[in-house]
Every structure is written in C-alpha cells, then in structure tokens.
C-alpha cells in the first residue's frame, strides 16, 4: 500500500513537471512572438502583472488562502515595497531581453543566477559557501561566455537586460525567503501583494511611455493582426500566472534539490522548444555553450545540497534528536535539565533554527 502511494506521488510530480515545462516553454515562445509583432515590453510586462493580480482571487478562494494581508505599515514598507520594486525592474528587463535576443540565448544568460545568488548572499547575508559550490560556478561562467561569443543574433542591450533581470530575480528570491520567514505569509499571498503594488508603480511609467506612443500612432490598432496581438497578450498573461502557480505546487511537493533539478531541466525544455518552433539560427559551438551552462547549474544544485545537508547534521533538528538528550539529562539528574514548559521551549527553539536554516539555504 505504501509503495503504491509513493508511486502515485512520483507520477503526480512527473505529470506536474511536464505541465510546468509545457506552460513555461509556451509562455516564452508566445512572449517572443508577441514582442516581435508588438515591440512594447512595458505593455507586455503590465499585462502579466495585471494577470497575476486578477487571477489570484479565484485561486485564493479555491485553496482557502487568507484573502487579506495582516501587516503593519512599517513592515509593509520594509518588506513588500522592495519586492514590488524588484518585480517591476526584473519583469521589465526580462521582456526587453526576450525582445532583443533569441529565447535560447536569454535563458542561457539567466543560467548565471546561481553565480549572482552566491555573490549577493555573501554580501547581504554574510553567507559563505563550500569550495565545491564555488567550483560548480565555473562551467556556468564558461558556458555563458561561449554562448555569448558564438551567438549569431547577439545584441548588447539584450545581454545587459538579461543580466539585470537575473540579478533582480536573485535578489527577489533571497529577500522573498527572508520576508516569508519574518512575516509567515503564504507565498501566493506575497506574490499577489507585491505584483499588485508593482502594477501600481508601473501604471504611471506606462502612461508616460507606451500610452503616449499609442495615442500618436493609432495605426497599430487598425492592423489586420490587431486582434491576434490582443489575444496573444491575454494568453501570455494567463500562461505567466499558471507557470507561477504550478512551480509553487511542485516546490511544495518535492525537496529543494529535486526542485532545483526540475527547474534546470525546465530551462533545457524552454531552450529546446524555442529552437524548434522559432527556428533562430545556432551553431554547434553555441549549443555546446548552452549545454555547458545548464550542466553547471545542475552541478551547483548538487554541491549546494551537499553543503546544506552537512550543515544540518550539526544541529539537533527535530524532536527525534532532542528527546534523547532530555531523557539523558533526566536520568543523570543533571543541573539545569529542562522540564515541562522548558522542554517545549527547547523544542520550539530548535524548530525555529531548522526553519531559519532551510529558508536561507
């Protein structure tokens, strides 16, 4: 019976990953098609933020997630506003990179996220890494350099935008973990809140830039493919929200290492599908650079997992580890041995240590 349940769980995760890869690949291909015909990354970004804000409501009701945010104003300004600014900048630069360079190259550059995560974690969290973690970054750097030097459709604006987007998402991931730990907010509630605030920040910029262009050039809406562009914008927004939703579901079902491997495999899927459907020209050396970068991400995930596993062994992380220590203290009548309420406090303390360690790893 246990084996059957375990097999069913594995099948469920595999099916979700297939759906995730399909949605993510479709989202990137649709986004590229939209930006080729409709070169307004500001508008595409705004549609995605609007979609997250609108579609979150029904999902909250279906999943029973608390529909309001219980935060003081100071905590809101300290936690939510920086995330909203990061979402605003990262989403916009991501679409600029998708507009300027092929999907395959944009995602190869985004494979540098572990590099920026390590550097930023060192600066912000004072977190040191093992030698193996640092060594695993070398294939990522080499792969991206090879892909850049051999990219036929290279564009400097696209490269810089992809790097800025990657740095922004790295900062967002680090800070999101800290906010969830400090506020105990549900991840989807947090996503909805800072996406909505980013949308509010975005509207004035959109009115000053894209809206003014639309008012001066009305021919855009008179084109025969105007309805197709609107439909693709709608599909792109829906796919972006669905991708966030499925990714969160997978994250809740598997270990951090499994999720990281699934995410790296997803990048391979996006690159492959974009090459097959969009037919952007590549060379064998270019493909080798892409594969090397993605392989480096997998090596980084394994090295990081091993480092975290070794660090967790240094702490009594569960009641299974703590209870024998308390029983030994009782048997030997040790002075200061915890009892009653103190035992509960000891267990709670180590539980908090465990949660803190996992969130920052």
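Glycine residues also receive a Cβ, built from the backbone N, Cα and C atoms like all the rest.
Note that the structure is predicted; figures quoted are calculated from it, not measured.
It is 132-150, from the ranges 18-36, 132-150, that TrEMBL records as transmembrane segment. Looking at 164-186, 187-209, the stretch flagged in TrEMBL as transmembrane segment turns out to be 187-209. From the options 264-283, 284-303, the stretch TrEMBL describes as transmembrane segment is 284-303.
Long-range neighbours of the transmembrane segment (105-125) within the same chain, counting only residues 6 or more positions beyond its ends whose Cβ lies under 8 Å from a Cβ of the stretch, are 28, 94, 97-98, 133-134, 136-137, 140-141, 143-144, 147-148, 151, 153-154, 158-159, 162-163, 165-167, 169-171, 173-174, 267, 270-271, 274, 289-290, 293-294, 296-297, 300-301, 304, 360.
Residues of the same chain lying 6 or more positions beyond the ends of the transmembrane segment (284-303) and with a Cβ under 8 Å from any Cβ of it are 104-105, 108, 111-114, 130, 132-133, 135-152, 257, 260-261, 264, 267-268, 271. Using the rule of three or more Cβ pairs under 8 Å, pairs at least 6 apart in sequence, the transmembrane segment (229-250) is not in contact with the transmembrane segment (75-93). Beyond its flanks by at least six residues, the transmembrane segment (132-150) meets 105, 108-109, 111-112, 114-115, 118, 159, 283, 285-286, 288-297, 299-300, 302-304, 306-307 of its own chain at Cβ-Cβ distances under 8 Å.
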